[in-house]
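What TrEMBL lists as compositional bias 'Low complexity' is 27-47. Residues or ranges marked as compositional bias 'Polar residues' by TrEMBL: 48-61. Taken from TrEMBL, the feature domain 'MSP' covers 79-201. Annotation comment: TrEMBL describes 26-61 as region 'Disordered'.
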Amino acid sequence: MMGVDEEKSEGEGKVWSLCRMPKLWQMSSGNGNGSSSSSSSSMGNNNVYQQTPSSERSAVTSSNAFFSMAKSLLPARRRLRLDPSNKLYFPYEPGKQVRSAIDIKNTSKSHVAFKFQTTAPKSCYMRPPEGILGPGESLIATVFKFVEPPENNEKSMEKKSRVKFKIMSLKVKGETDYVPELFEEQKDEVTVEQILLVVFLDPERSCPALEKLKRQLAEAEAALESRKKPQEETGPRIVGEGLVIDEWKERRERYLAKQQVEGVAPT
């Protein structure tokens, strides 16, 4: 009987061990230590929730600072395409005023204002010095420079110019008229497109850069001449004190006058 009771007690112990509730459940439903543990756990959670906003704010601040620094390190987005891209070629003719040319094209989807600057405004100027280009619009700007004679025993073609040119751009609203204040009022939005260096070419020696310069100068002169010509009149002409003459009426009068000269009565 003793062996049976021992086996029975061992079997019951095994059953109870299988039916024991998990420790987490005991902590949440018990009255004793379980309740104190749950209260301490909830207090810990409250502390976590109280600390979360400040940690999130610090994380957001640090991330913003990181993105700002990364943005400052990235190159500015170009709005203009320049040809030549970073140089201005001039024929080397000491004591004379020479010309260079650069093709400026707006590659953005908005209107863009551009502006030239130079380190030698007394001996250099640009035509046009500024303007506004529509999306996809382009023009060839002409740059004028006075070439100083070489000093002492300096060879002519070894003379290097310290003059530099800078082209800046600014996104503007469509159909905006250019005014000099644009770049001052929105200087935070201004992009420096390129710093252009001066390169002298031998005018007596043919090279691809010199031939390209000649073509660009010819195109710039042709565009300038076309802008100087008055636009063709498509509407009725204005004569004298604003008298509007209808084209068909004028033709009719010339026809009647011709008929009278020829002695034919008009019909």
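Note: Cβ is positioned from N, Cα and C throughout, glycine not excepted.
TrEMBL entries are annotated by machine, without manual review.
Computed over the domain 'MSP' (79-201), the whole-number mean pLDDT of the model equals 91. The DSSP breakdown of the domain 'MSP' (79-201), given as helix, strand and coil counts, is 10 helix, 64 strand, 49 coil.
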